[in-house]
Amino acid sequence: MQSTGAPGLAQSAVLQLSAMGERSRELGGALREPERKRRLLLVVVCVALLLDNMLYMVIVPIIPDYLADLRGERGNSSADLDIQIGVLFASKALLQLLVNPLSGTFIDRVGYDLPLLIGLLVMFLSTCIFAFAENYGTLFAARSLQGLGSAFADTSGIAMIADKFTEEAERSRALGIALAFISFGSLVAPPFGGILYEFAGKRVPFIVLACVCLADGVLLLTVVKPFSDRTRENMPVGTPIHRLMVDPYIAVVAGALTVCNIPLAFLEPTIANWMESTMDASKWQMGLVWLPAFLPHVLGVYITVRLAARYPERQWFYGALGMVIIGASSCTVPACKTFGELVFPLCGICFGIALVDTALLPTLAFLVDVRHVSVYGSVYAIADISYSVAYAMGPVVAGQIVHNLGFVQLNLGMGLVNVLYAPALLLLRPVCQIKPSFSERNVLLEEGPSGLYDSIRLEERALRRKGLSAGAGTEHGLRGRSEEEEESGPESA
């Protein structure tokens, strides 16, 4: 009986191993499907952006109290504490601002996968250091290290979305989803950090974020091969970042991204003290004042994506309208006397920012497509620089303006700058007018693949557009390169 049972057990084990191998091959094949792979990469990028913004904001309710305890031990003054908090908040954006030109060039040369993995690993290390930091110097190092990780993860993530989703409507939709995750991370992090800090201690919020970051990195490794030489061999030569910076259309978009984020960046470090002195706000009110703004932000993203799908030539108008809404809302903030009243202008600011970001981030990729080479690392490094300028100045400059001029003057100035900048987006109108014809032309192209990820897109295009002829009109006058350069970049799906 034992002699006949052993072969049966062995055969059963072989069959089970064979079935497991078959399931693994099926899973690997499913992950290699272009559409599914593209969606998984969108999930990876959105989680990375969520983590970065949660880590940026989760320290808001934790660090002041933690540094106050350290101050009690060392006898530092309250003024020194305010300076330490301001420098700590600004250090991330400052380092991100310095590293972005280098990270953008690096992304253009090696692709999007490896820089995203590097960014996630650095963010994981930064989060772990935050969890176990015991002094201000270590906290400062962790905060600065987060800026280094963000320069790689944020830029490569947004650039990867632009590269994978090349049709204008789906690109706007994918970038809109990413922006919703950014907003959710920024707004939910303070209550998340405050609750866990209150009931579980300082380390727990950071350990949770570190675990999610590690899981996101593992998911990225299952979807792509960041160390593959094939990707780097197929990379077209991108336009240098200094040439993109002097492009007038890209400069207008970068300026708008900076200006529209100034109210949010300047109000975050100043509004709590103003609420306490003006309306005697409680701690929970100061902690939750931004949370209701999440819904208007998501609504703004949704509306802009739907409008961009139907009227892509009006992207400049959506951005200009958003800046006017931001300006008007910023001017009304000082007039609020209660917590309920204050929620409305803050919602207006976030709604306007959603309009501007959702309209202009896809426009940056489109500008690179029609005027340069379709490689997006450097152009989205410029976008990240624009955000970093606002958030680097916020914690340092806003407090000085409030101290010297007053909170009312700060808000009126921010509102006026946004309203005055809005007409500058009229300069984008000629470029936005060609969006429908350019999108149609790219959809009908049938040349062979030559750029990054073009093979995947060619397969998708053959499946979706089978039987269509390649005879659309041309837009040579608006392209800043020859036909060979034009087709070397990623093509539309």
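Cβ coordinates are placed from backbone N, Cα and C, and glycine is handled just like the others.
Topology check against Swiss-Prot: A281 and S378 fall in different compartments relative to the membrane.
Across the topological domain 'Cytoplasmic' (108-113), DSSP assigns 4 helix, 0 strand, 2 coil. Counting residues of the topological domain 'Lumenal, vesicle' (196-203) by DSSP class, helix then strand then coil, yields 6 helix, 0 strand, 2 coil. Mean pLDDT for the topological domain 'Cytoplasmic' (108-113) in this predicted model: 87. Residue counts for the topological domain 'Cytoplasmic' (165-174) by DSSP state, with H, G and I taken as helix and E and B as strand, are 7 helix, 0 strand, 3 coil. Contacts between the transmembrane segment (87-107) and the transmembrane segment (379-399): present, as 3 or more C-beta pairs lie under 8 angstroms, all at sequence separation of six or more.
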